[in-house]
């Protein structure tokens with residue numbers, strides 16, 4: 001998905017074609033339209049995308065170099081997800097990862113990305129007890145992790161939690177549909193929002209929006225249901241396995257770039273094969289070392 005050129009300040013009639021090839025293209029398009037290019041993506045830019053029928057891209061990031069690369073490629077939002085549990089720490093699910101494990105990753109991404117909006121997941125067990133617990137955890141991610149916003153999973157039950165966090169100055173993205181932190185209660189990785197359950201998702205999304213969430217992310221939701229949710233909301237939506245009507249799309253970067261290997265989820269589009277590239281590079285390095293070809297004279301002092 002090409003990065004969008006979100007406007008700094010514009011009306012719908014003034015919006016040019018939103019697709020470029022990163023900040024340079026975005027700056028050129030903004031200049032041609034007589035607008036100031038975006039130096040830092042903010043929440044209101046995502047809202048403008050929703051209002052103007054544009055789209056934005058979101059990827060996970062967990063450390064310096066991917067944050068820099070994705071930021072320079074024009075990705076508007078970087079998510080320091082609790083998926084780090086699976087993709088960094090080697091766990092089978094997102095449940096074991098802790099606040100203290102996610103904070104250093106969030107800090108690294110926030111320090112490295114100069115333009116993207118940084119959203120951090122609140123991990124399982126860090127916000128469910130009470131709105132007060134959620135506020136305290138959210139403050140840590142903004143203060144210690146340098147994030148710009150946080151994401152929490154849940155239904156309309158968490159509307160009071162979202163409201164308390166927003167009132168405390170913590171921007172919140174809500175996550176509905178399949179929520180990985182609830183995989184055991186949901187019966188595993190299953191599509192949500194089919195049949196009679198579709199209206200519940202719409203109601204959850206509206207309740208979380210009305211509580212102050214600046215965006216609603218939907219995971220593994222039928223395209224028709226996701227379209228109904230998007231139509232019911234004023235705020236931008238983000239999809240992962242939720243069709244194409246959402247304002248934004250998000251993928252785990254290791255899936256997008258082909259690092260994970262193995263069978264991918266249906267909603268993943270793989271844009272590279274980094275697993276093969278890195279494996280070939282490591283094998284070639286090992287062979288050069290064992291054969292005495294590395295280091296050569298050009299690598300020695």
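Using N, Cα and C of the backbone, Cβ positions are placed for all residues, glycine too.
For the Mg(2+) site that Swiss-Prot gives as 121, 153, the extra residue drawn from 82, 100, 196 is 82. Swiss-Prot assigns the feature region 'Disordered' to one of the listed ranges (1-24, 25-48), namely 1-24.
Taking the Cα atom of each, residue 151 (3-methyl-2-oxobutanoate binding site) and residue 121 (Mg(2+) binding site) are about 5 angstrom apart.
Counting only same-chain residues at least 6 apart in sequence, those with a Cβ under 8 Å from the Cβ of residue 121 (Mg(2+) binding site) are 79, 80, 81, 82, 83, 102, 150, 151, 152.
Put simply, residue 153 (Mg(2+) binding site) is 10 Å from residue 219 (active site, proton acceptor) when counted between their Cα atoms.
Across the annotated binding residues for 3-methyl-2-oxobutanoate (82, 83, 121, 151), the two most widely spaced Cα atoms sit 12 Å apart.
Between the recorded positions 82, 153, 219, 82 has the most other Cβ atoms inside 10 Å of its own Cβ, all protein chains included.
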